[in-house]
Amino acid sequence: MPFSEPGKTKFQVDLRRHLRNQDISDNLVHLICEIAEASKYVINAVRTGDLGVAGTSNLYGEEQLALDVLSDRIIRKRLIHSGVVCNIASEEMDEIFQAQADADGLYSVAYDPLDGSSLVDVNLAVGTIVSIYEGCNLLQKGRNQVAAMYILYGPRVSLVYSVGKGVHEFTMNHLMEYTLSRENVTMKPDGDIYSPGGLRKKYLPETEKFVQHLESKGSKLRYSGGFVPDINQVLMKGKGIFMYPALNGSPNGKLRVLFELNPMAYLIENAGGAATDGKTPILDIEPQSLDQRAPIFIGCSNDVATAMEFMGG
């Protein structure tokens, strides 16, 4: 139920109050609020932290920035001490971390602590992406998520979440509290913007034809190089498509199913959009490993359906 009526001033609704009206468990309310609290420390690190390298590599052989490591530590510590999490997986960790033994009412969390961290030194927007499952199994279909969210650290700090009952945006105010700014965000069937990731000269022929189709119908290119701000643009404008397709030499693209694709697909689908790897809905992929990757086309349902036609899906 909306918290305000047309023509009336909307009073501030904080995140915890909104969650308590979603008919979810107290433990899940607590978990989402703990992640929101952690993000306040992450944004402080982004604004004031070390922009250098950490001297370590993650599971994928990528050099870790000091901000990656610090952001991961902040979120992991909050999850461990929440008391409602059993298993934790992070893009910056080599394996699943067990916070406590399995028990009723616990959740597992997969997250990318600071997606797009290499953009911080040029002062572009970055974000945290979170996927939540009931129980202790993380390697399952994204459709089994009970919640997903991202926090965008841009000119404003915004938190977008869904527990399967609409998609809602909260904005951090001057007191560092998240208050409701948009409720029940929805996608239009068609859009006129596109965000294409990957080097275009490495696109497969079918992907190149799809991009040419988008250009021929007048779609405008809008791409920042950050997954969170680019998805946020598509979602908040309610139109458009983001893609990171299969490439020559990288048939599975770049983005990880568990940490990036599943939570974003969950949010976009709950807003009325769609997400596919070109043949299969992202949320129906059953990951076999933490580092599994897949191509993605995500956004307006008709644009995604057209992408599938070009990909032969």
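Cβ coordinates come from backbone N, Cα and C, glycine included.
Binding of Mg(2+) 2 is attributed by Swiss-Prot to D112, D115, and within the candidate set E208, E215, E260 the record adds E260 to that site. Binding of Mg(2+) 1 is attributed by Swiss-Prot to D112, L114, and the same site annotation extends, among E91, E92, E95, E134, to E91.
Counting neighbouring Cβ atoms within 10 Å of each of the binding-site residues (S117, S118), the lowest count belongs to S118. Cα separation, S117 (substrate binding site) to E91 (Mg(2+) 1 binding site), rounded: 12 Å. In the three-state DSSP scheme, G116 (substrate binding site) is classed as coil. Distance noted between the C-alpha atoms of K254 (substrate binding site) and E260 (Mg(2+) 2 binding site) is 10 Å. Neighbour counts of Cβ atoms within 10 Å were compared across the binding-site residues E91, E260; the minimum falls on E91. Every protein chain considered, the tally of other Cβ atoms within 10 Å of the Cβ of D115 (Mg(2+) 2 binding site) stands at 25. Spacing of S118 (substrate binding site) relative to E260 (Mg(2+) 2 binding site) is 16 Å (Cα to Cα, whole number).
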